[in-house]
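Student: Found this in Swiss-Prot, in case it helps:
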COMPBIAS  414-429  compositional bias 'Basic residues'
COMPBIAS  441-454  compositional bias 'Gly residues'
COMPBIAS  524-534  compositional bias 'Gly residues'
TOPO_DOM  1-184  topological domain 'Extracellular'
TOPO_DOM  206-217  topological domain 'Cytoplasmic'
TOPO_DOM  239-269  topological domain 'Extracellular'
TOPO_DOM  291-302  topological domain 'Cytoplasmic'
TOPO_DOM  324-350  topological domain 'Extracellular'
TOPO_DOM  372-552  topological domain 'Cytoplasmic'
TOPO_DOM  574-595  topological domain 'Extracellular'
TOPO_DOM  617-669  topological domain 'Cytoplasmic'
TRANSMEM  185-205  transmembrane segment
TRANSMEM  218-238  transmembrane segment
TRANSMEM  270-290  transmembrane segment
TRANSMEM  303-323  transmembrane segment
TRANSMEM  351-371  transmembrane segment
TRANSMEM  553-573  transmembrane segment
TRANSMEM  596-616  transmembrane segment
Amino acid sequence: MIMTMMQTVRAWQQESDVEHRKQHKQRWRPDGAHISAAYDLNSDNDDGHHRVVHNQNNGSPNSSPNQSTSAFRQRQPHHPPTGQQPPRLPCTVTHFSAHWKTLLILLTLLSASTLTASANVTSTISPPINGSSTDYILLYGESTTSLVPALTTGLSGDGSGAVIEDEEDAEKASEYIFDRTDVRIIFITLYTLVFCCCFFGNLLVILVVTLSRRLRSITNFFLANLAFADFCVGLFCVMQNLSIYLIESWVFGEFLCRMYQFVHSLSYTASIFILVVICMERYFAIVHPITCKQILTAARLRMVIVTVWITSAVYSTPKFVFSKTIKNIHTQDGQEEEICVLDREMFNSKLLDMINFVLLYVMPLLVMTVLYSKIAIALWRSSRGLTPHVVQHQHQQPQQPSCQDIGMGMHNSMYHHHPHHHHHHHQHHQLQSAASSAGVVGVGLGGGGGGGPGPSLASGGSSTTSLSRKQSSKYEKRGVSITESQLDNCKVSLEADRPIVSACRKTSFYHHGHAHHQRAGNASVGGGSGGAGAGATHMSHSSSNVLRARRGVVRMLIIFVLTFALCNLPYHARKMWQYWSRSYRGDSNFNALLTPLTFLVTYFNSGVNPLLYAFLSRNFRKGMKELLLCSWKKGKGKSSSNSSMHHKRKALQTHSLPTDTTHIGNEQL
């Protein structure tokens with residue numbers, strides 16, 4: 001097009017030069033005199049003839065006044081020497097007139113070519129309908145709605161802005177990366193795996209926590225809400241996000257488009273907020289157990305969960321308001337295509353994404369890093385004194401452990417609700433005082449009393465002792481009931497609590513067995529030197545388990561923080577690159593693949609949460625196994641459970657000592 005315009009202008013310039021040479025001619029005579037001639041432009045000389053005015057006065061040209069109005073006369077320069085070429089004529093008004101005409105014609109052609117090129121680009125280049133919603137800008141005219149890509153793919157890749165005229169090049173430039181079969185297979189496989197983790201994994205967590213009586217606690221209540229939020233991510237976000245890139249048109253309607261954007265933001269936001277709440281609950285339960293008992297009651301924790309969901313819903317409301325479906329009629333086959341996008345002209349997209357980056361990534365990551373670091377430091381420091389020598393010294397001079405020391409031993413404090421819990425609260429403290437007077441304290445797990453449920457270890461451990469025959473007959477039934485409650489509490493503990501629970505159970509069984517072998521009839525347990533030596537052996541073994549467990553908790557906390565940071569970083573990094581870097585190209589194949597991959601990694605965090613927070617617990621795995629096998633082992637399991645409880649009660653009443661306390665202590669977890 002530009003070459004055609006240049007050739008046309010050059011032809012017009014040549015015609016103008018010919019016309020100018022016709023109007024101004026200069027003829028030289030052999031004697032050196034010159035003749036100035038001009039064509040008369042009057043209507044009298046339409047035949048093309050011209051008048052020649054001879055000048056004989058020293059060779060200088062002269063024009064008649066009568067002809068000045070009807071003919072154009074050019075004053076000639078002096079006669080040049082013989083043998084030299086005559087000088088060029090200076091530019092005249094006719095030259096300016098011809099140039100102005102040329103400029104006007106050139107400007108007209110340029111404007112016409114610009115309009116034609118823009119019309120061709122608008123009509124021939126259609127946006128990739130399967131692209132991400134972030135790569136579109138919605139332009140609303142007075143009567144029509146057009147959808148234009150943020151970076152037009154119809155331009156050449158060198159950035160020069162030249163329009164692709166070759167049809168073959170245009171087809172290559174408009175080829176969509178997700179139309180390739182291998183790319184489709186890879187993404188369908190990856191999205192299916194993430195969907196299965198999010199859907200089935202979190203659904204299993206919800207069922208196990210809800211149906212298993214042993215897992216009904218406040219901490220698991222948080223995990224169940226986290227699993228529900230991640231379950232919504234798998235149900236409403238994963239496959240819908242994949243469909244944007246694979247199908248040609250949104251077929252679910254405008255309302256479901258709004259609901260998709262709303263639920264996508266709601267579940268993602270609630271999942272992050274619940275992770276922060278779980279982190280805060282663990283911090284108070286481990287580092288400040290007494291404060292946790294006073295502040296984090298069951299009613300308040302339920303209000304916290306309700307507040308999290310309401311806040312997430314309010315925060316996600318703009319996604320419901322600004323979402324809509326857009327019809328694209330500029331397709332090659334003439335069919336209408338519909339996509340679900342956010343109307344980014346109704347709000348500041350950059351500002352909203354920056355707020356999401358701060359509230360949903362930076363602040364949660366900072367809070368979890370600080371609190372989990374404090375938990376790790378507290379557990380690591382408390383593990384320094386857990387050596388056999390120190391434990392033996394503490395056993396020889398027994399003293400009741402503090403709430404903070406016990407709280408540090410439980411990285412996941414559990415909250416329990418027993419029907420007889422508050423009824424036996426007074427007798428529970430009587431037994432504690434009796435055990436303290438006897439000089440022996442077990443590392444038991446007691447339920448919290450008072451105004452609400454509290455941490456099991458933070459409320460003071462219930463001591464397991466053998467009283468005198470007279471006192472034992474009075475509290476025998478209640479004492480057995482409390483011991484069974486302790487065993488149930490031990491079962492609810494998570495994986496990292498196993499060493500301390502083992503110590504609890506070993507100490508309890510040891511004291512009962514030692515009382516059975518004591519034939520002197522004394523009322524206290526472990527008062528003799530033999531009891532101290534045996535107790536030191538058991539406590540030395542349990543202290544090493546506690547040390548390993550606490551260091552394992554530190555490693556697990558690091559995994560929690562790193563998982564959240566790594567899974568959510570790619571999405572926010574891509575957003576920051578899109579807004580703050582000039583090298584970002586939304587039309588490139590790399591970015592076309594990068595966008596769904598960042599979503600996929602974010603969804604993977606919702607799929608891996610149940611693996612980290614639930615499946616690492618042996619107690620949870622037992623509850624899951626019971627849930628899966630309860631259909632055909634229901635009767636057998638019930639009979640075996642009753643028989644086991646009968647033998648357990650008989651063993652406690654007869655004060656018999658099991659032969660392998662380590663096996664029994666670990667079997668319950």
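Along the chain as shown, residues are numbered 1 onward.
Cβ atoms are placed via backbone N, Cα and C, with glycine included.
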Student: Using Cβ atoms and a strict cutoff of less than 8 Å, what residues sit near the topological domain 'Extracellular' (239-269) while being 6 or more residues removed from its termini?
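Tutor: Non-local partners: 129-133, 178, 184, 187-188, 191, 195, 229-230, 232-233, 311-313, 315-317, 319-325, 336-340, 342, 360, 596, 599, 602-603, 606.
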Student: What are the DSSP helix, strand and coil residue counts for the topological domain 'Cytoplasmic' (291-302)?
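Tutor: Split by secondary structure, the topological domain 'Cytoplasmic' (291-302) comes out as 10 helix, 0 strand, 2 coil.
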Student: Among the recorded stretches 185-205, 351-371, 596-616, which has the greatest number of Cβ pairs closer than 8 Å to the transmembrane segment (218-238)?
Tutor: 185-205
Student: Residue counts in helix (H, G, I), strand (E, B) and coil for the topological domain 'Extracellular' (239-269), per DSSP?
Tutor: 25 helix, 0 strand, 6 coil
Student: How does the topological domain 'Cytoplasmic' (206-217) divide up by DSSP, counting helix, then strand, then coil residues?
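Tutor: Across the topological domain 'Cytoplasmic' (206-217), DSSP assigns the residues as follows: 9 helix, 0 strand, 3 coil.
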Student: Taking DSSP states H, G and I as helix and E and B as strand, how many residues of the topological domain 'Extracellular' (574-595) are helix, strand and coil?
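Tutor: So the counts come to 14 helix, 0 strand, 8 coil.
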